[in-house]
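**Student:** Quick one: the structure is below, and I'll ask about it shortly.
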Amino acid sequence: MTLVHTEALSWRNQSYMNDIADRCAPSPHPLGMCQSRATAFGYPCEEYKVTTEDGYILSLKRIPHGPHDSNTSTEMRPPDGATWVMSTPKQSLGFILADNGFDVWIANSRGTNSSQNHTSLSTKDPAYWEWSWDELASYDLPAVLQFAYDHTGEKIHYIGHSLGTLMILAAFSEHKLLDVVRSAVLLCPIAYLSRTKSKLLKLAAHIFLAETVHWLGFHEFNPVGPVAHEVLSQICNDPEINCYDLFSAVAGPDCCLNTSTFCAFLEHAPQSTSVRNLIHLSQLVRNGGVSRFDYGNAKDNMKHYNQPRPPPYNLSSIPNHVPIFLTHGGEDYLGDVPDTRHLLRTLVKKHNSDSIEVIYVPDYAHADFIMAYNAPELIYGPMVDFFKRH
């Protein structure tokens, strides 16, 4: 699930992106994920539409097996599916899993390019964008996981990156989805954000930037749209913010990006998210905990939660038998080391020692876990072994 999983934060200064794009060859398959990535490499690929309880129509892709293999298990992960098949079969996690006998399901959360339909709303309607990661965890995640489970009859190995990790942690904390999920992979998890190393993210949160944008009447946040341009023109007045490479300013200086993978990434990024989602993430930065969306006043919170403050997600209540594979990097500004260690202390305190595995890569930043040339050896291989043990 890539926004501030990579949907919201996967963008760079336009001139910087143009410099890189000039070195990228045009895609020979400028079509959807199945045609442009999977079938181009000989993998079967199926496409489905899943409707959430609140009416959002999500895209769900399936790679049932490798070019010649039959499947043995299931696996899936939001938010933006193209993230997982952007490179060659030996570099892309989705293909590596299929080659190892897994039935791979790839989900796209609401608001992403392939999941912008709704049963009654258009993306031009402000109401379409009135959601945050609360709704991603409460509606999108159960819808796609249940669909895959019903289709196969097998419990699922879940993989989330960035915002996708927060979604599954929120669900687990309320003891949801445990009947359909076999294990969970948390790639550079974000939960606690108060000690983020990103000066840009801290500044935006503490000057209530997303709240101001929403107050001005904007509901969709397109990272290359006019609203983002105006926002960045204000932030870039701060001499401590590196506006030449905004990606690194938000997510950390990547060490090992695969150039061809990043070129494919530019074909799919950036993507829109809701301004309300950015508000909710800003609340995490300011408040230090992990709570539901704060409507800003006791009256509205009472209407939604029957209490004056939004209820917290109690991450310490996550059942201790759930197998968890967690990775984090020393240069990650979003899933920064102090906040990730706080999360680990919360999880490990009650977790069975044989059901949690942690990999720390000192020079990895946020994007390296999905685009580094050495991720197959450092991350994906141990992940496959973890799945086979669980």
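Any Cβ shown, glycine's included, is placed from N, Cα and C.
Heads up, TrEMBL stuff is auto-annotated, nobody curated it.
Computed from a predicted structure; not experimentally measured.
Pulled these from TrEMBL:
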type	residues	note
DOMAIN	37-72	domain 'Partial AB-hydrolase lipase'
DOMAIN	97-194	domain 'AB hydrolase-1'
ACT_SITE	S162	active site, nucleophile
ACT_SITE	D332	active site, charge relay system
ACT_SITE	H366	active site, charge relay system
**Student:** Could you state the CA-to-CA distance between H366 (active site, charge relay system) and S162 (active site, nucleophile) to the nearest Å?
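**Tutor:** Spelling it out, the Cα of H366 (active site, charge relay system) and the Cα of S162 (active site, nucleophile) are 8 Å apart.
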**Student:** Could you round the CA separation between the residue listed as 'active site, nucleophile' and D332 (active site, charge relay system) to a whole angstrom and send it over?
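**Tutor:** Their Cα atoms are separated by 11 Å.
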**Student:** According to DSSP, collapsed to three classes, what secondary structure does S162 (active site, nucleophile) have?
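**Tutor:** Once the DSSP labels are grouped into three classes, S162 (active site, nucleophile) ends up as coil.
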**Student:** Restricting attention to the domain 'Partial AB-hydrolase lipase' (37-72), give the mean pLDDT.
**Tutor:** 84
**Student:** So for D332 (active site, charge relay system), how many other CB atoms are inside 10 Å of its CB?
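**Tutor:** Taking every protein chain into account, the count is 30.
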